[in-house]
Amino acid sequence: MAALAVNKPGAGVDSGRQGSRGTAVVKVLECGVCEDVFSLQGDKVPRLLLCGHTVCHDCLTRLPLHGRAIRCPFDRQVTDLGDSGVWGLKKNFALLELLERLQNGHIGQYGAAEEAIGTSGESIIRCDEDEAHVASVYCTVCATHLCSDCSQVTHSTKTLAKHRRVPLADKPHEKTMCCQHQVHAIEFVCLEEGCQTSPLMCCVCKEYGKHQGHKHSVLEPEANQIRASILDMAHCIRTFTEEISDYSRKLVGIVQHIEGGEQIVEDGIGMAHTEHVPGTAENARSCVRAYFSDLHETLCRQEEMALSVVDAHVREKLIWLRQQQEDMTILLSQVSTACLHCEKTLQQDDCRVVLAKQEITRLLETLQKQQQQFTEVADHIQLDASIPVTFTKDNRVHIGPKMEIRVVTLGLDGAGKTTILFKLKQDEFMQPIPTIGFNVETVEYKNLKFTIWDVGGKHKLRPLWKHYYLNTQAVVFVVDSSHRDRISEAHSELAKLLTEKELRDALLLIFANKQDVAGALSVEEITELLSLHKLCCGRSWYIQGCDARSGMGLYEGLDWLSRQLVAAGVLDVA
């Protein structure tokens, strides 16, 4: 042992250095904020800040937020956080690798493990005769680890040469002795259900001890079977671990795609520089900003157009009012002149009064005509400073108390078109009379004035429908719910109607009339029989059940038209 000490000078110094290095390693593995040791996962996983410092995940979550950023607790530099917050910060993988090596017994240059590690990753066993040598064989008789040279030297005699020596890989496991009978090795395993004692037993335990009469198995095959199960389990665990790792990598990739980041690229002359790669989150925000930017521009244009309409209306109204002011001033001047002339005539003598009779008569006739004209003008003109404004769905402005809408009512003969029209107009039931030609009536509802054209539905009149399509904003198609056999005919006429170019932007309101009749088709059945979802695809349409006799459902249909045409109610601007 003295020679060994001489062969290793400065061993104490080396051990001191190793101790100081070990302390330094521990310091590196501690979080500088909470002084807890980092872990491979969980709240103590190390994460990198932009300045290069490493802080555990738990401490990062406790740091105060400054908007979407945090400050380093050591140098106060700012690190921006993405949408994932602290979870989006990169892990310190170099530190994690060092932690993993230390946990697995890898010591590197510091010598923290009890055994050295070879290049193949297997433990190196020292020779029992000379620790400077590496053992390569095992003597099963001497129970010693020997290198090849020491094996030859120590077993050079005839007696010892007979000892069985095997490679270390074939070294047999040492037999475990029974705790109850120390002289006997454990050879069997108890398989008895309900046995409360240790399953390991020797031959004495099996024959005479607590396991007497129990089911049993030989130790080695049982251990090999368990090893095989463990290997299968380990294989499953490795497969499961690979699946988890692959899923985790996908999650990391998705997070990076969402958040974006910096990417190193080379320019045309080979110089590398960082370039920001936008993530899907930033792209989505850009799409939202672009959409609302276009929307703002469109609204601004529509606002300017609406203001120009209002300005033109105000300008025309003021011009007309000022013209009326001038006319009234002239009229007032003429009336005042006539009054003065009459007063002067009254002051004159009788002869002059008689001579002025004709002139006074003409003057009075002129005044009467002017008074009559003034009365007619005053009766027809409403002196109101309000400016009623109505907005359509496409943000166009209409100025006036009522917005006029042109509506065409179509359908087969006998469906109840005229009955619906006069019920809306006069709130009266009108006996069904075939319409020859057309009827036109004005129906005021809320802030709308519907000009409704009721066109006859007889077969010979249907070719004339096209003459009423121009400038039509809404089509009311009336269906007789009580005549199931005419639904296909109504479908054919409606299909032709919807192919007309002049009606492609018109609203379509379908009245399922005569819902009060027993056995009438329901709204759902008519919708299916007319194939409305397919026929009216891409068009604004609505079907409303109604009864023209009682008026049930008629105003609900007008409500739908009002909602489709008008974006806001009438605003009285003083």
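The backbone N, Cα and C atoms fix where each Cβ goes, and this holds for glycine too.
Remember, it's a predicted structure, so these values are computed and weren't measured experimentally.
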Of the ranges 31-76, 307-352, the one Swiss-Prot annotates as zinc finger is 31-76
Zinc finger per Swiss-Prot, picked from 122-168, 404-450, is residues 122-168
Same-chain residues at least 6 beyond the ends of the coiled coil (352-379) with a Cβ under 8 Å from one of its Cβ atoms are 331, 334-335, 338, 341-342, 345-346
Across all protein chains shown, the one of the binding-site residues G411, G414 with the most other Cβ atoms within 10 Å of its Cβ is G411
Smallest number of other CB atoms within 10 Å: among the binding-site residues K417, K458, that is K458
Reduced DSSP state (H/G/I helix, E/B strand, rest coil) at V455 (GTP binding site) is strand
In DSSP terms, the zinc finger (122-168) comprises 12 helix, 12 strand, 23 coil
